[in-house]
Structures are given as structure tokens and as C-alpha cells.
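S.K.: This is the structure I want to talk about, given as C-alpha cells.
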Ligand code: MTE
């Protein structure tokens, strides 16, 4: 099988050591030639050569200067009772490799990112192809508050109050043809604005644009959200402005940011992390405590709440990130170990 069960020592390292320390150690070992790395990451380690002893690779940058606007949205019962991750952390602890691979890089490098004008194109196997402007995105579909859990494949999690609308609403309007089986998504490709797209070192070795995909029935599930905001305001660039996907039962890398294209097709589309490391990141990427990442356990996660990022509490990972009732039926006859 493609999944390798991690050795006990590997689980301990990842579970008990704060992520920044763990990563710095790995970088040091890599530099000493003790740990082998895949090519893009070896290159990246080389690029980081002067930074590693500072240990600040994952330090969240302070502040955000991008001006967000308030949004009016209907309240929904999603996420009632969940503990909220502070807005300051949602805005400064990010993964958006187009702006750099450190957690603080996106906020630091994206504040002048142009989100208006914007065009989101919906095409492929649909009867009514569409082009949505920035204003269409905010006004065409009634907005809802959706408070969701978010679980990153790196074994940390946040609870985030999103604003957006069901992807299903948009897809219904585009009117998928009977032959459509999958939905492919694409992030903006603009190396002038995105330093990670200009340099393999900055962008983590990814071949841009970042692409993602869902099966059509996953895309039509009412939980699947196109988000245009969080904490009652429009999205900040570092969180994927002006429009991003949120698929709360899947690992965070499926939730593609700053989308310019939605394309319906018959065959399963290629996805960025699967292209980069197919033995580690599959197409499905459903949150599953029983299917470990080849290099670490997925049985538990570090919840980012109040307090210092690295003193966050550990909690067990929930099957489908707690959304079993809403989505388990999508995978009834599927081997989730083989389809990781
Ligand atoms: N989308 C693009 N285009 N580029 C990225 O690097 N990172 C993904 C996802 N979407 C990513 C992306 C990963 S790994 C995660 S965990 C989430 O965005 C993080 O979302 P957040 O920074 O808003 O918390």
C-alpha cells in the first residue's frame, strides 16, 4: 500500500515537539546531510540556509494593512458551541505558498494584492458558462455565516467563522451537463504579484498555478462553501481574497484560495499536492484519524486557540473533521485507505 505506517519514534517527534522546533531540527539535519529531502524541498532548505538558527520560519507576522469591508450575512446554526480561533491568528498564521512557505509570509507579502477587479470564470461541461466580477461574487448569491472547523494536513486546526455561499448555488446556476463528473479549480497565476510564482525557492517548488478538484457530488454537498469573507468582513489576501473554497471535512490544502477558474469535466482533474508528492497527498484528502500521513500520525491535532501558537492543546482528530453525518454517505463503498 502507498501509505507507510510511521515508526513510534516518528509519531513522538511530531506529537510532542512544537512544529517550529521540529522543522528547524529537520532543516539542520538536512543541511548536515542526515535527512534526505525531495528536490524542491532540498532547494528550499538551501534557500533558508541563513534563516534556520533564528527559528522564526513559522513565526506569525504582525498586522495586516489590507482594508477589509463589512459583509451582511444570514446567521446559520453551523458550528454552534465551537471555540473560536482568534481573528489575529487566522489572519497571520497561513499557508499560501504563492506568497512564501513560512506561516508569516502570506500576510507579509500579500497586502498589496489586487482583488478588485477580479473575474471568476465557470466553464467546461455546463450549459450556462459564467463570468463573475468582484461585485457579482459579493452580491449575486445570498451570503451566510458558516462557522467551520478547519484541519490542516500538517496536524493543526482552527475554528473559523466564514462568510460565503454554497458552491452548489453557483453550480446550479451554471447548469452542469449530464456528463460532468468532477469540478476543477484554479488559483490566479500572476508572478508579478505573487513572489512564490516567480521563484521556486520562495514558492516551495510548486508548479503554479495551484490547482484543486472535487467530485461533482462533493462539490454539490451543502457544506462545500465558496467563501468571500471571515469574521463578518471580506477576506484578506492571505486568506484567499476575493474568493476561496472551504471544504471542511477535507484537509486544508483542498480549500484553494484566490480562485479564477471553475471548470467542470468528465475525468478526475490533477491537483497540486498530488502532483508534487503523490505518495503523501491524494485526491480525496478526507480528514481521517486512521490514515496517517507517511511521515506523521493524523490521530491527533494541535488546536490553535487563545494563547501562544505552540502551546496549543492537543485534541483527537475527528473522522471527516466532525462532519461525518453530512458527508459519510459520499464514501460508503470506498476504501478510504486506498483513496487517501
Ligand atoms: N491555496 C493556494 N492557492 N495556495 C496554497 O498554498 N494552501 C492550502 C489552502 N489553500 C494553499 C491554498 C493549505 S495547505 C491550507 S492549510 C489552507 O489553504 C490554509 O488556509 P488559511 O491560511 O486561510 O488558514
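Using N, Cα and C of the backbone, Cβ positions are placed for all residues, glycine too.
Pulled the feature table from TrEMBL, pasting it below:
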BINDING   94, 97, 98, 152, 187, 239, 244, 255, 256, 257  Mo-molybdopterin binding site
DOMAIN    115-273  domain 'Oxidoreductase molybdopterin-binding'
S.K.: Taking ligand 1 as the reference and 6 angstroms as the Cβ limit (strictly under), which binding-site residues among 94, 187, 244, 256 are close?
M.R.: 94, 187, 256
S.K.: What are the non-local neighbours of residue 94 (Mo-molybdopterin binding site), defined as same-chain residues 6+ apart in sequence with CB under 8 A from its CB?
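M.R.: 103, 105, 106, 107, 238, 239 - these are the non-local Cβ neighbours of residue 94 (Mo-molybdopterin binding site), listed in sequence order.
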S.K.: According to DSSP, folded down to helix, strand and coil, what is residue 187 (Mo-molybdopterin binding site)?
M.R.: strand
S.K.: I'd like to know the mean pLDDT over the domain 'Oxidoreductase molybdopterin-binding' (115-273).
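M.R.: On average, pLDDT over the domain 'Oxidoreductase molybdopterin-binding' (115-273) sits at 98.
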S.K.: So how far apart do the Mo-molybdopterin binders 94, 97, 98, 152, 187, 239, 244, 255, 256, 257 get, largest Cα to Cα in Å?
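M.R.: Farthest Cα pair among residues binding Mo-molybdopterin: 19 Å.
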